[in-house]
Protein chains: 2
Amino acid sequence: MKHNMVKGAVAAFAAIATMGAMAAPALAADGKQVDQLKVHGGAQRIAAIGSASAKNVILFIGDGMGDSEITVARDYLHGANGSFDGLDKIGQPGVLGDAEAGTGQYTTFSLGSSSDDSLMAKDKSGNLAGGTTAGVVTPVTDSSASGSSWATGTKTYNNAVDVDVEGNPQLNLIELAKAKGLATGNVTTSEIQDATPAVQESHSTERSCYGPQGKWDGKTDTNGDGKIDPATDGNQTKNCLASQLKENGGIGSISEQLLDTRADVTIGGGSAYFNQIDTTYGDGTKTLWEQARDRGFQTVENDVDAFAALEYQEDQPVLALLSNGNMPTQFAETPALTQEATEQRGAVQCETNADWLGNDTAAGNSASLADMTTKALDLLQANPKSEQGFFLQVEGASIDKQDHAANACGQIGETDDLDKAISAALEKVDLSETLIIVTADHAHTSQIVSEPPAYALSTILESPVDSSQIVVSYGTATAEDPDAADINAGYNDGGMEHTGTQLRIAASGPGAQRVVGLSDQTDNFYTIGKALGLATETADQNALSNDATVAVTRNEDGGYTADASGFDGDAVLSYELKDDAGSTIAQSDGSTPVSGVRVATAQTTSIALDGVTEGAGYTLSVTGRQSGKTVELEFQAQANQSSQNTPGSSDVVAQGGVKNDSANPLGLTGSAVLGVALIVAALVSAALMIKYAKASRR
Amino acid sequence: MKHNMVKGAVAAFAAIATMGAMAAPALAADGKQVDQLKVHGGAQRIAAIGSASAKNVILFIGDGMGDSEITVARDYLHGANGSFDGLDKIGQPGVLGDAEAGTGQYTTFSLGSSSDDSLMAKDKSGNLAGGTTAGVVTPVTDSSASGSSWATGTKTYNNAVDVDVEGNPQLNLIELAKAKGLATGNVTTSEIQDATPAVQESHSTERSCYGPQGKWDGKTDTNGDGKIDPATDGNQTKNCLASQLKENGGIGSISEQLLDTRADVTIGGGSAYFNQIDTTYGDGTKTLWEQARDRGFQTVENDVDAFAALEYQEDQPVLALLSNGNMPTQFAETPALTQEATEQRGAVQCETNADWLGNDTAAGNSASLADMTTKALDLLQANPKSEQGFFLQVEGASIDKQDHAANACGQIGETDDLDKAISAALEKVDLSETLIIVTADHAHTSQIVSEPPAYALSTILESPVDSSQIVVSYGTATAEDPDAADINAGYNDGGMEHTGTQLRIAASGPGAQRVVGLSDQTDNFYTIGKALGLATETADQNALSNDATVAVTRNEDGGYTADASGFDGDAVLSYELKDDAGSTIAQSDGSTPVSGVRVATAQTTSIALDGVTEGAGYTLSVTGRQSGKTVELEFQAQANQSSQNTPGSSDVVAQGGVKNDSANPLGLTGSAVLGVALIVAALVSAALMIKYAKASRR
């Protein structure tokens, strides 16, 4: 990409004048209360500020990357007066051609964590979802509540993944982008099930609901009985709301929902959890890896060379998980020590970690975050859907994790990795049509101070660039290290806390100026969603399901299935099957908002209809639990009268569309019939137009 | 001020397109080294970005007000979703009519503090100026180095007030604004001698060089000998480089220089230090208060009602110091405690401090920072000089001081005070011609966390607005509290440290977008200086002394004085008086850069010429030590030949301008003669033109 510097600086400012009409926001002197904040969009600060249109959006998240973390890394890596090659270009007027640019701050608070549990989702047994409660504002967010904020526009409680404080699933950016036909990607250095990537792939009342057997690696004989059995070796508590598990009629764990969301590109860690088994799938013995391949994913498991060889294949999304858990960091650990111990150790410099995936393999391949970002963009740009645009989230996850561990070099190396990923992206995209946003989910513990503090743990670094001595202090662990050996060695290897400060957000590209000033994390959902033309408002999201249809088919094996399509405004479906006598034959669980059938995003969701008897008549209703749109249809359960099923195929016995909706007022099967008629008419018209166009060109 | 919200939001963005031509900045991958950073402007990041013109600039500094401090105060005072009435409007697009708006971050590092002392100013005895040394980048700044950065555009060492790392005075914004004829003001809640206000009034190699007797209150019998004697009761070390003291031929302490700089409005604390005596002034017995009144200042000492009654008086600058030291804070102290103690105490709320000057007096007056800001603006706007514009700095000083003291309510109340000062300013100015910048000098210790930490001290607050519990952690004290009683009580009452993170900067008004992106604290000098059309580049500053003149007069008492005028590009003058035989009769001390004669900013600086004998011939040279411009003139020391001195007056015996300068090539006295001739010619021309104009109107 060329950067015409002089012209760029002028145009970067001038571009703003071309932004769409916008009204001015009102500043509330005193903040809203929880009842107002908990609703979709309720915490926006700049709702009235308009957005520009962007074909593509890339959202870079430095997990835990507050201004302090940025400065620590810049001071060490580039000198206090230096600049990051990528990170410092985003938002900087004039340095990226004529791209619009903006920087600002946003608030990150969450909800929940009070003793008032009245608002919270409960499971069948009456247990609180996620063990958290709602009712007050929580000044310090975790990664899941903050991620849910920008992914869905809804403030929620710490521990929630794309559900509101009452447990209701909220549509996320990848779901909405898929509904619009865009290409989508999700890249992280953490476990792909971790909160930040999870908010683009799932809805979960608990962030640790990694897989159907919890956080088990799928291979360990946990109970030591000599057998590997998911039922007994899996994580018994599972860290999941029971009603969310598929075995209990729920929408499934984060890993399982990832397959339903089916982003075009998913790259990260956490491969081990895909060794677990979804007992409700197929014959009940297949691992999630096997299920992914069954469902057409290109899979890569812990293999950097295979990752490097990935190419776009039509309708074969990429699922590349390159480490069992979180990816190894770029730099080796430098534990923070007590005042006396850190002074004795003196200034240290960072050393490369031999396990880092950014190091070359024997074949010369590597998987730094920059490599993963480049690969994701190559795959997205080769995807015909990207002609309509793409949305890609890239997370540098371990800035946070190493900050939690009071590991200065760890967090610095991960910030460097993110910076280089941004630089890599800048090589691949055109900022006249691509909005790049760089921000964090929350700030963290590390502070740059003058001398090792008396209270906090610290590390003294010496910058290899300007030789300055940088003292990094860590003072927020809630408990002293439980590991006595560590305490005796003068350090604590974890437990540092997030902080609740407002955070930096920077953007370059169309609409970048929307981040200027003070906004809220939920505003970022609207900035991205509106730039891409997604359905950001609840009514528009509900309307995405206006054209939903359901077809009942008789399968080759004689069973019946309901195939629900077009429920693009929903994450969860409920259904009820009644016989002619009005008795309920089968229905989805509706005990909590995460019970029921997970929607296969922008695809067809199949629901097995159990208990159907040949020769009987039935009424099936399928409802999108978010949109409230219902498809109701009647069918006769009998082999197609004109013929038996064609071997190896299924026969549609009934189909219908949404009833009682102004966009589709016929309801029942009539609308589908009309729909087909209209499609045929449209095709005929199109053919005529093509013919006419050809004719007139002669 | 009316806020046309809808129109405003559009215009706020559109305004940017009208900014002047600008080139694009280059981002240095690796930072510069100290040799490049130490020069005037050497640390700029956005030198190539242009500025808009603004008639007026108000710079609000929240001392120590990082994003964390802003968020702590907002969370407590307005709720996590709330907004400050003033603070959050600056930089926010669309909320302030059609004002241009921008927010960004800047780096704050300083220089110095190494073991390499080769660069540092030394006094006559070879002692290091300020006890600090240079040679490395210092990641964490203090208030004096940071203030010097934005006041002068030059990076320097911690402890330096408007001198570079070699001790050379650097011109500050008030000096440069005065050189352009603008009205100027300086307001703070701290001692007026404290670093942040000091950078707009003085040049000092040590920030604690408060007065000629150091930090003595001028009234205490320190040595207990029953007498109050400045020579023995004053602070003996004085915290000053010896050669800077007037008694040693230097430019004087911060308080003394404040009178030389002579801002139109100065309001703050630190009145006690004006009880000290400048022994080189008058008969050597007058306090600085008396000297101020002698020199035409309107003075107010610790009297809120007198402060409230202040009105603009021609050529009578205001010096209102309303407390002996730093001003009392708005809220009473809430000491931070250890984990166990803070949990036992539970959540607290902030209570008003009865001593706060913002409380009403019996007469109904008050002196909150908002009151002081309103008064300063009233005084400036009534001043005819403000027709050319004004520059005002307003500091909320004790956000920092209470953060140092680990006092959560203290820092919150001071942030509130600053916020309300910004609101007060918004009522007084027109943002189409006034640029308001809100930022801080450095970030600080306080962090918002989830639970009281195990290592750091903390306070649990409960917001009266949204009832959230805010845990504020303080973890950076370099030493445990020396007060055993405090330790036993579970808290540390001070010693928390600054942090080195990049900081928020926000602006509204012409040129506000210059703060977008990443800049350096020194860039703020250029943003303000260029907006006001001040001489920001060294060559332009030097040129301000091109028209300097010196007149030698024979005083009524028979002594001789050199009156130097127009040395607007200088802070310090040197002089040498030689007799006809070439022997030096008198000269200024030149042992350090802060030796010599302090320039009376944009006024006439009088130099007593000692040792002149009637009848003899002399050559006097006066040199601006910053500009290098020299006025040299010869004179005969004898009573005016045509008459004796008129009683009560002085006779000019010689005068001259700068020699060897392209702008004024005649040099010596000839240029002054020519100058007079030109002025006369100009007056005649003007008179003719007026006459002609009148004639043509008939």
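Glycine residues also receive a Cβ, built from the backbone N, Cα and C atoms like all the rest.
The annotation active site, phosphoserine intermediate is assigned in TrEMBL to B:Ser143. The secondary structure of B:Ser143 (active site, phosphoserine intermediate), as reduced to three states from DSSP, is helical.
Look at B:Asp441 (Zn(2+) binding site): DSSP puts it in coil. For B:Asp441 (Zn(2+) binding site), the same-chain residues that are 6 or more apart in sequence and have a Cβ closer than 8 Å to its Cβ are B:Ile61, B:Asp63, B:Gly64, B:Thr108, B:Thr141, B:Ser143, B:Ser146, B:Gly147, B:Trp150, B:Thr196, B:Asp400, B:Gln521. The annotation Zn(2+) binding site is assigned in TrEMBL to B:Asp63, B:Asp400, B:His404, B:Asp441, B:His442, B:His498.
What TrEMBL lists as Mg(2+) binding site is B:Asp63, B:Asp194, B:Thr196, B:Glu395. Using a 10 Å radius centred on the Cβ of B:Asp63 (Zn(2+) binding site) and all shown protein chains, the other Cβ atoms total 29.
B:Cys209 (disulfide bond): 30 other CB atoms within 10 A of its CB, across all protein chains. Per TrEMBL, the feature disulfide bond maps to B:Cys209-B:Cys240.
According to TrEMBL, the region 'Disordered' annotation covers B:195-223.
Positions annotated as signal peptide by TrEMBL: B:1-23.
If you look up TrEMBL, you'll see B:668-690 marked as transmembrane segment.
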Task: Helix, strand and coil residues within the region 'Disordered' (B:195-223) as assigned by DSSP - done: 4 helix, 1 strand, 24 coil
TODO: Return one of helix, strand or coil for B:Glu395 (Mg(2+) binding site), based on DSSP.
DONE: strand
Task: Cβ-based isolation winner (fewest other Cβ atoms within 10 Å) among the binding-site residues B:Asp194, B:Glu395, B:Asp400 - done: B:Asp194
Task: Near-A candidates in B:Thr196, B:His442, B:His498, the binding-site residues, by Cβ under 8 Å - done: B:His498
TODO: Name the secondary structure element type, per DSSP in three states, that contains B:Cys240 (disulfide bond).
DONE: coil
TODO: Between B:His404 (Zn(2+) binding site) and B:Asp194 (Mg(2+) binding site), find the distance joining the two CA atoms and give it rounded to the nearest Å.
DONE: 15
Open item on the list: With every protein chain in view, what's the tally of Cβ atoms within 10 Å of the Cβ of B:Thr196 (Mg(2+) binding site), excluding that atom itself?
Closed with: 28
- [ ] For the recorded Mg(2+) site formed by B:Asp63, B:Asp194, B:Thr196, B:Glu395, name the remaining residues of the chain with Cβ within 8 Å of the site's Cβ center, in chain order.
- [x] B:Ile61, B:Ser143, B:Gly147, B:Thr188, B:Thr189, B:Ser190, B:Ala195, B:Pro197, B:Gly396, B:Ala397, B:Asp400, B:Asp441
Task: Least buried by Cβ count (within 10 Å) of the binding-site residues B:His404, B:His442, B:His498 - done: B:His404
TODO: Provide, as an integer number of angstrom, the distance between the C-alpha atoms of B:Cys240 (disulfide bond) and B:Asp194 (Mg(2+) binding site).
DONE: 14
TODO: Please tell me which one of the recorded positions listed here (B:Asp194, B:Cys209, B:Glu395) sits closest to B:His442 (Zn(2+) binding site), measuring Cα to Cα?
DONE: B:Glu395
